[in-house]
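Taken straight from TrEMBL:
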BINDING   143, 170, 206  S-adenosyl-L-methionine binding site
COILED    267-294  coiled coil
REGION    306-327  region 'Disordered'
Ligand SMILES: C[S@@+](CC[C@H](N)C(=O)[O-])C[C@H]1O[C@@H](n2cnc3c(N)ncnc32)[C@H](O)[C@@H]1O
């Protein structure tokens, strides 16, 4: 991931793990942890400790294995290079976040590309900010919570996201203009301007009351190109209110979308016949009867003061149940050619997506065509 200005970012492509890198340790699919590689540090898991020094010099994506404490087994992790998608799954949560299924769709609908100038409010945990920073020309992100603002500021600096300007602001009351003297990462000392020319052509609002911010967008959006806005709202009442204001403010092509990602897993399932079911019932009955008989013999032996259980030891064991397609039994590997299989799909029960309604709208302020330009 490149912060789109040529400068090195922690997300730039690299082959080999080096000291000081931000790396993402994949323990399991829902346990991915960010680390800064330090030769003196250890990465601790419940299965054991992995030294960072064992990672240095290995290619990204490598598996690092250790012998599990007290057991003759191995446990392992994978060391991954950060990407916007993996960062979203591993970042420290300060708020609810936008996940990949939503942010990829939103960026596509807002036509985000390296020439885009994007407004984002609020910054929150910076999940979407990282995805924007990889793709767009410049991101203007706003956060009113002072601690979250400071944390995001430090994080973006550590990750080298140089195409992001972060401003501490309540956008609903104070709008989006960035002026000298504001609490912002924009470096006015380096430029001889008093106010930033934002000219945003894409806007993303993840706020509890986007309708208060929408009327304030006019002073910062581009006038001579098509501008897209997306409001991310969890309930339909918020969508209603936003649409009302969008229409009042001259936004067109308003459309609401809900992303419902589902992952389908393809697998084979053993074909179970009626004969299998009947055989299973017969087997249960046979074992039950044998058990009753054995217990009766044992009681009789106790009553007669004979050595108990002798008979049960010598007794021939009932034949082992073959594979039982309705419960426990001998394990059969999926696809074993001795059995019949059918292809089925299974839906993953949980998906990582903060399901919200996405309201899109577009606006062209100046519709004049300059044919002789
Ligand atoms: C749900 S979080 C945003 C999460 C973010 N999209 C992400 O992917 O990590 C919403 C954030 O908006 C901030 N916020 C709420 N109202 C605001 C306002 N009027 N101006 C600026 N920020 C605001 C909150 O402090 C919070 O951090």
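Even glycines carry a Cβ here, placed using N, Cα and C.
Within the set of binding-site residues (143, 170, 206), the lowest number of other Cβ atoms found within 10 Å of a Cβ is recorded at 170. Within 8 Å of the Cβ centroid of the S-adenosyl-L-methionine site, not counting the listed residues 143, 170, 206, the chain contributes 121, 122, 123, 124, 142, 144, 145, 169, 171, 207. Among the residues 143, 170, 206 said to bind S-adenosyl-L-methionine, no two Cα atoms are farther apart than 13 Å.
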